[in-house]
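Single-structure report; data block below.
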Ligand code: IPD
Ligand code: CA
Ligand code: CA
Ligand code: CA
């Protein structure tokens, strides 16, 4: 008999906590740092070890499940049928290396393309954000309230400063007026953390020109569960099998930014 969502969830919570403990014990040790696509695209032995840790656990307990992981030890996935775990072993690797904070483990679990379980673990603060679709979002067991509407002028919006560079995916002539009109902007360097900050109301929106599925798979389940909206910059649904621009926000605010600043995606 296939495992229930509750069973999968119990293991996922246990494994993410165990993975967090492994990351914490790595702090005093010397990291092995290498680069991937460019000199600032960093990866460490810990990113790789944590991804392999999840894969071993999942393969052993749930051999029929598929795994999509950033570091490439999982399966090559062409469709989202069955149960698929989408894993970022360390989201915010640059912060992990330079700051030993502002990073998280992100695990999204999808069934036939629908997000069922999301876990984002802020290892340093020992804060586990968790959602089971339809059952609400919690932080260390405490329920998070639904997101309430808020206007642009009272909002804090997370965005990476790269927007000042000419970028076809995120034209600066669209973003400059938004930056002018919002209460404040922030940039934390971890998409998963930025997602849980939207879910927990610490910030009101997050806009970014390019993310991979493992950066947002868990976070969007939480935001949508709380009544927030997750799309690309044109207001279209996100595709979990490729890179996307990502725009998540409180209800109302998402519609206002899309209409007034992103011109309903007509650019
Ligand atoms: C990165 C972080 C960062 C975002 C990048 C991601 P990584 O993930 O989420 O905030 O701007 O696009 O690649 O590589 O640290 O897992
Ligand atoms: Ca990376
Ligand atoms: Ca990431
Ligand atoms: Ca990563």
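Each Cβ is built from the backbone N, Cα and C atoms, and glycine gets one as well.
In this structure, residue 91 (Mg(2+) 1 binding site) is part of a beta strand by DSSP. Feature annotation from TrEMBL assigns Mg(2+) 1 binding site to 70, 88, 91, 215.
Positions annotated as Mg(2+) 2 binding site by TrEMBL: 90. Cβ-based neighbour count (10 Å, all protein chains) for residue 90 (Mg(2+) 2 binding site) stands at 28.
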Completion exercise
By a 10 Å Cβ neighbour count, the lowest-scoring of the binding-site residues 70, 88, 91, 215 is 70
Completion exercise
Restricting the binding-site residues 88, 91, 215 to those with Cβ under 6 angstroms from ligand 4 leaves 88, 91
Handout entry: Inter-residue Cα distance where the pair is residue 90 (Mg(2+) 2 binding site) and residue 215 (Mg(2+) 1 binding site), in Å
Key = 10
Practice task
Kindly assign residue 215 (Mg(2+) 1 binding site) to one of the three DSSP-derived states: helix, strand or coil.
Solution key: helix
